[in-house]
Amino acid sequence: MADERFDGQFLHMAQYTEGGVRGLVDVFFSFLRRKTDFFTGSDEDLKEAKKVARELVDERFEHHAKIAYAEADSKKKEKARQQKKLEEQRERERKRIEEEAKAPKIVEVSEEQAAALEKENSEKKAAGDAKGFPELKEQKPNCDEEEDEEDKNLLKPNAGNGADMENYQWTQTLQEVEVRVPFRLPKLKSRDVNVKIQKKRLYVALKNQEPVIDAEFPFEIKQEESFWTLNTGTLTINIEKVNQMEWWSHLVTSDPKINCKKVNPENSKLSGKKRACQSKKAHKVVRKTPSKSKIPVYVQGKPTTDQKLDELLVTATVAGLMPIHFFIVEKLDGI
């Protein structure tokens, strides 16, 4: 372990010694020459004493040089790792911005163009009906019915399972939270932004301005894995969660909460099995045929009776699987 007891004295000496490190080393050897027998030993064999002194200096030099080189190499590797990570994060951010730019946009059309599009769609629908195939429609479960009394004051999540606040927007997956603060200043530089990401608190502000966010997180985060970027005036903050098995109901404790029961895991590309904050309402499994129909239903290539099908549906629901929809069509002639 490095001996730091005399660092203060050596720093004081370095400040008042001319020549920098060379002068400090010269003062040290001058002290050994004047106040010790480091160079001469017992004066019986001056050559041997000089040899011993040189070996001691060389041995201590090599020892500390080895430590210094190892520390420098470790810092260099860590810097390269951090730089690579930053480049990967910037590349992901660049791709995300490009994908958003390619997203479909609403285009205003004239009445004539709208009439032409409507006519074209009608013709395609008529052509499909002429082939004799019945139209299949999926009956989606209504998750908004019978809303709990305690959930009426909660916000509905946005498309990213977060919320759109007055001055910023946040979205989330089970693993991370993304915050976007549009400052709307294209020439904004990183030195103009003050961002502090702590384990339990987030601070965001422009220099010499009132903070946009200054409050505690609802849960602890991985500070070393969280970062922020600035692109054309928009500040993006990526926050890594510690507990990656539940949804956040708000970004910071001062914000209003969202209804976690209405979080859509498909937006996050996550399995419904991992949701810790999930809806208590059971999704209904829908069969699009009368209960006493004798139309054969095929499960994994084998015909199944109505009773067996009902057992399969109940088993799938109890097991906690995602809602299953069976579409049953009448058997066509020749099939």
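Note that Cβ sites are derived from N, Cα and C of the backbone, with glycine treated the same way.
Look at TrEMBL and you will find 72-97, 117-143 tagged as compositional bias 'Basic and acidic residues'. Look at TrEMBL and you will find 163-252 tagged as domain 'CS'. Sequence annotations record features per position, and here TrEMBL assigns region 'Disordered' to 71-97, 114-164.
For the region 'Disordered' (71-97), DSSP puts the residue distribution at 27 helix, 0 strand, 0 coil. Mean pLDDT, taken over the domain 'CS' (163-252), works out to 92 on the 0 to 100 scale. DSSP assignment over the domain 'CS' (163-252) gives 3 helix, 47 strand, 40 coil.
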